[in-house]
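To start, the structure itself, in C-alpha cells.
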C-alpha cells in the first residue's frame, strides 16, 4: 500500500466536491426543485439532495465545502451562494431566501451558522 504524501492529502481535501458525498442525481433533483427565485426551502432541499440521511461525519464534510472562507462558520454571503456549491451554474439565493435560511440555522443568534447548527438543520 502506497502512502500519500502531505501535499496530495491537502490537494484532495481542497478538491473535495459534493459528488464525493451526494449523488449527482440527488443534487440535480434538489436543484431543479428550487430553480425559480423564491422557491428555495432548506428542508425540502436537504431532503431531496440526500443530506437528511447522511452521517454526522458526511454532513461535516459538506459543511466544510460550504464554508468557503474556512472560518468555521457559514456566513450570509456564503449562504447566498449556497446552491452554487452543488452546481456552478445554479442560481444565487434571493436576499429573502438567504435571510430565512440564516434565521432558521442560526440558533445562537450570532449571525452565522456553525457546524452543529448545520447538523441540526439537516435533521429537522
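The chain as shown is numbered from 1 upward.
Backbone N, Cα and C atoms are what each Cβ position is placed from, and that goes for glycine too.
Automated prediction, rather than curation, is the source of TrEMBL annotations.
Listed in TrEMBL:
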DOMAIN    54-89  domain 'EF-hand'
BINDING   67, 69, 71, 73, 78, 106, 108, 110, 112, 117  Ca(2+) binding site
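Annotation for residue 112 (Ca(2+) binding site): same-chain Cβ neighbours under 8 Å, separated by at least 6 residues, are 71, 73, 74, 75, 76, 102, 106. When the domain 'EF-hand' (54-89) is classified with DSSP, helix, strand and coil residues number 20 helix, 2 strand, 14 coil. Of all the binding-site residues listed (67, 71), 67 sits in the most crowded Cβ setting, with the most other Cβ atoms within 10 Å. Looking just at the domain 'EF-hand' (54-89), the mean pLDDT is 96. Around the Cβ of residue 108 (Ca(2+) binding site), the number of neighbouring Cβ atoms within 10 Å comes to 10.
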